[in-house]
Amino acid sequence: MATNPSTYSPSQSSERKQLQQQRRRLFQETDWTRFDGRGFQQCRPAFLKTGAASAASGSAFAAFGATKVIVSVFGPRESKKAMLYSSTGRLNCNVSYTAFSTSIRGQSSDHKEYSSMLHKALEGAIILETFPKTTVDVFALVVESGGGDLPVIITCASLALADAGIMMYDLVSSVSVSCFGRNIVIDPTSEEEACQDGNLMITCMPARNEVTQVTLTGEWSTAKINEAMELCLDACSKLAEIMRSCLKEAASAPS
Amino acid sequence: MAAASTAGGSGGGGGGAGGFGAGDMEVEAYRRLFPLPFYERYLQNYVRPDARPLHRARDTSVALGPIASAHGSSSVKIGDTTMLAAVKLEVMTPSAEAPDEGSLAIEFHMPPICSPTVRPGRPADVAPVISKQLSDVITSSGMIDLKELSLISGKAAWTAYLDIYCLNSDGSLFDAALLSAIAAFSHLQIPLVSLNDDGRVIAVSGEQLENNSTIELVNKEKRKLSFQSIPFSLTCVLHNKYILADPTAEEESIMETFITVVLDSMGRLVSFYKPGGSVLVHSSTIKDCISLTKQRMEELQNILEDSTSAMEE
């Protein structure tokens, strides 16, 4: 037996792959309940809470099924010394993962792609003119990754911004869908994402009916895209309702 | 400017009548401009701005199992300081010197969400210090018998990766981190494993066991770690003659001398840490800190027991 230079997780990767292939086949049939018992057009139960971290100006915790995210907002505070003068405020975003967030340990640390996507998704919603010369920092930590991470991060971040009292045109909510052959499945888990044909994520401000970000990857037909977008936008506005009631609850509760 | 104040308590109440220079200056402004005089006026009355007596620690809570995907996990709150710890087990080949021992890898993280002073890309200076202190205390206290992490002598053993994340930083980070580490290890459930044909260790689920009785398990008994003794710690901040147990971030920043005492459950001293500071300490103060740690240890033992029984219900 060769000595392994590093450690490995004892779960069976080969069996997992088989399972995935099985899933893939099953997904192509029309009548199929998902592995967590949801219907195709059913989102995971969402839990949202604001104000968990006292060190931050505002914070929010979001748990969508197995995906758990914490976002803290700092500022508006002095911009870095090296920054040039700016008459509008700046937004600085960072997304990182915990070492235990994924099933394979140690894929943690900063996630540059998500950081920049989070920035772009929020930028349009924040009234940057209200805090000239200063910076608002939005830091997200993915505690557990269970699929649909980016939409959860964006949703949670906009809630944290609201908790911090940063002026926004509207709350930003985000939902993704996966495409499997003939089927469209909303709010996919990481198992589903691993075998999807395509993915669509929409970030929008439901009250203003404005979209801040759309990403589309993989194989799609035009008709499907329309259907998926309708589905996402509908889910976004429902999610925004939950966010609003969460904020109302926090505001009315005695601190 | 809407910077968040670190202390959770109300700024009201306070020193009461008269005093120097305060006049009708707002309490919150006075606190920021003259933090030390502000605190001294409280300390004279043996009370702290958050209404605690000097020797009392903040409310502490422990929850087990917040991370479903880890083998053992815990979240700990001491006041507003919040820690999240998770243990994941992986298989390694033990070293030739210790063929029947597993190993521990402990890391303490301070992500940018925990404090306004931590920025992404620039890790906090204290994080590696606390990391090192934690591994020193956990290894030297002999809490975990590394032989219990052995699977097949000389061939396979567990490496326990313990990652602790500070989610909100408000003082006494080491105490909270150590408590979360202990709680995560006490929650640790070692998975059942067997050997496959290639000699690799694979996990066995309950279902597989029922369907196939020929699977030979490597670790039938060793599913939980038995602790020899458990280390508990208390950090105190010193100012003149005053000893303030379990300081908040504000207290830590104003009064710079601190002492961390770690005792184990048999009452033995595991670690004593006083990294300089402006206050020089008499041996009587050291004794006071140790006896405070003893009291705190009893509190923490009860809290841990409660969390375990809450988990079993």
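Residue positions begin at 1 at the first shown residue.
A Cβ is built for glycine as well, from the same backbone N, Cα and C atoms used for every other residue.
According to TrEMBL, the features are:
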type     : residues  : note
REGION   : A:1-20    : region 'Disordered'
COMPBIAS : A:1-10    : compositional bias 'Polar residues'
DOMAIN   : A:42-166  : domain 'Exoribonuclease phosphorolytic'
DOMAIN   : A:170-231 : domain 'Exoribonuclease phosphorolytic'
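Residue counts for the domain 'Exoribonuclease phosphorolytic' (A:170-231) under DSSP, split into helix (H, G, I), strand (E, B) and coil, are 15 helix, 29 strand, 18 coil. Mean model confidence of the domain 'Exoribonuclease phosphorolytic' (A:170-231) amounts to 91 (pLDDT, 0 to 100 scale). Residues of the domain 'Exoribonuclease phosphorolytic' (A:42-166) grouped by DSSP class, helix first, strand second and coil last, total 30 helix, 46 strand, 49 coil.
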